[in-house]
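Per TrEMBL, the features are:
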BINDING   A:Tyr474, A:Lys478  phospholipid derivative binding site
COMPBIAS  A:1-19  compositional bias 'Basic and acidic residues'
DOMAIN    A:57-132  domain 'Nuclear receptor'
DOMAIN    A:254-497  domain 'NR LBD'
REGION    A:1-20  region 'Disordered'
Amino acid sequence: MESGHRNRIEEAREAHTRETGNQLCLERKNKTVANQREQNMDERIPPRMECIGVCVEELCPVCGDKVSGYHYGLLTCESCKGFFKRTVQNNKKYICAEKQQCTIDISQRKRCPSCRFHKCLHVGMRLEAVRADRMRGGRNKFGPMYKRDRALKQHRKALIQAGGFRIDSGPPLGSSIHHRHLRPLPILHSNPLPTARPPPLCSLLPSDPLAATQYQCTFFSSWTIKSEHTNNSGAPGSAARTHSEELHARPFSQQGPRMPQLVMEFVRCDPDELQLQNKITARLLQEQSGWEKHGNPSTFSLMCVMADQTLFSIVEWARTSIFFKELKVNDQMTLLHSCWSEMLLLDIISRQVLYGKVGSLLLVTGQEMELSYIASHASLTLASLVQRGQELVEKLHILKVDRQEFACIKFLILFNPDVKQLEDHQFIKSMHEQVEGALLEYTLCTSSHLLGRFAHLLLCLSELRSLSTLVEDYLYCKHLSGEVPCNNLLIEMLHAKRSWA
DNA sequence: ATAGCCTTGATA
DNA sequence: TATCAAGGCTAT
């Protein structure tokens, strides 16, 4: 308030100076301000955009407007920055008048603040970047991340320029992917990074788990270091909460119920759907050059490439995730070799539940495939697998399973205490218990049916497990008949489990 | 309430 | 010292 008052005085003084033209009356500070403004007008803004690199063309992941810089964790436009700030600072609560599926773009972003805010969170805007103390200026802990992201974008830009293609302006995934029963790809916002030939799993995991710690290693620290954003509004009872409660239950954005801290961390670990979509699409584009030489690939081969790339993203997710990154590489590999098909299936199923439409299968690339097409063209085995998958999607849909719960289920699958040959079995068992506890706590917070919801989720998990075994068997048969494209992670995974048995 | 522009201030 | 992401101000 005081600073606002001072600003008004300064502005009044500047206005007066402009009017009178009496530059001599200006204080030195005011001269600096004036100089800065002049710089803003001519040279300062363009270099800044240069600095951002590719973001000159990059669009806000929330509404598609022009990006103005990094705000609250990622590149966004000025309006979404302001919207996010207002929402968090003023602890606003919105309710969607529709089904929480409103389109957010430049023209419609004002229409539904609820969906806009959800999208802000979904694309990765960080609540904790909004300062509780409202202090201006300076830098926060995200600085290094912004720097890395900038470097990465520059690197991508260089690669894309060298490769001579881009995905968001060029033709959509060539006819080979595009034709037949797939709907066109949606507009993709950022320039994806084509990856090199798939390396084996062991080379994807760091030899020293601690070496993998980059930005996301704040997971553990968040257990001990209080987040920048704390609710100081003096909610009733907050003062009486114990330290343990403080760690496990924090006010959760707009919904009202308290979300266990651990669940929040799990959600934070979750890769962004759009980024994943871009990455895998880029990989498919790269594969395309190979296909052009050998004719169009079968739909099944395409699905294998998508599955393979999804596996890479799963490994990447696990590698940088809370608890998992603390494990020895051998245990990391054992766990991943053990759960890959469940993770893959969960990835597909959660996409249908969270974003999919009835009657079609939403692929990781954002394309849609008609279920009726699958039913009529796939083999009996595959059609029945898809059918069982759909039934599970339906169950989870009825339960209205949300991102938070899916994030927990991923960790439940990953830390499977029933896996043999683990060096640190005790740690994995205790992690599994912690995840289960967090999920239970979350379901108790969000559901009025007490243990019913939690039990239903565990039943679905059990169904997922049995289905994944069938999927593995099916894929292994296809592999034996030479239909699974070679040199990939999918095949490594298929072999890994068989070699134990 | 929104969104564009302005001020601030820790850090590289 | 320049940078740039925070918060602030204000016309719409």
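Every residue gets a Cβ built from N, Cα and C, even glycine.
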Under 8 Å by Cβ from A:Lys478 (phospholipid derivative binding site), counting only residues of that chain that are 6 or more apart: A:Phe300, A:Val484
Intrachain C-beta neighbours of A:Tyr474 (phospholipid derivative binding site), sequence separation six or more, cut-off 8 angstroms: A:Thr381, A:Leu382, A:Leu385
For A:Tyr474 (phospholipid derivative binding site), what is the secondary structure state per DSSP, taken as helix, strand or coil? helix
What are the helix, strand and coil residue counts for the domain 'Nuclear receptor' (A:57-132) according to DSSP? 26 helix, 8 strand, 42 coil
To what whole number does the mean pLDDT across the domain 'NR LBD' (A:254-497) round? 85
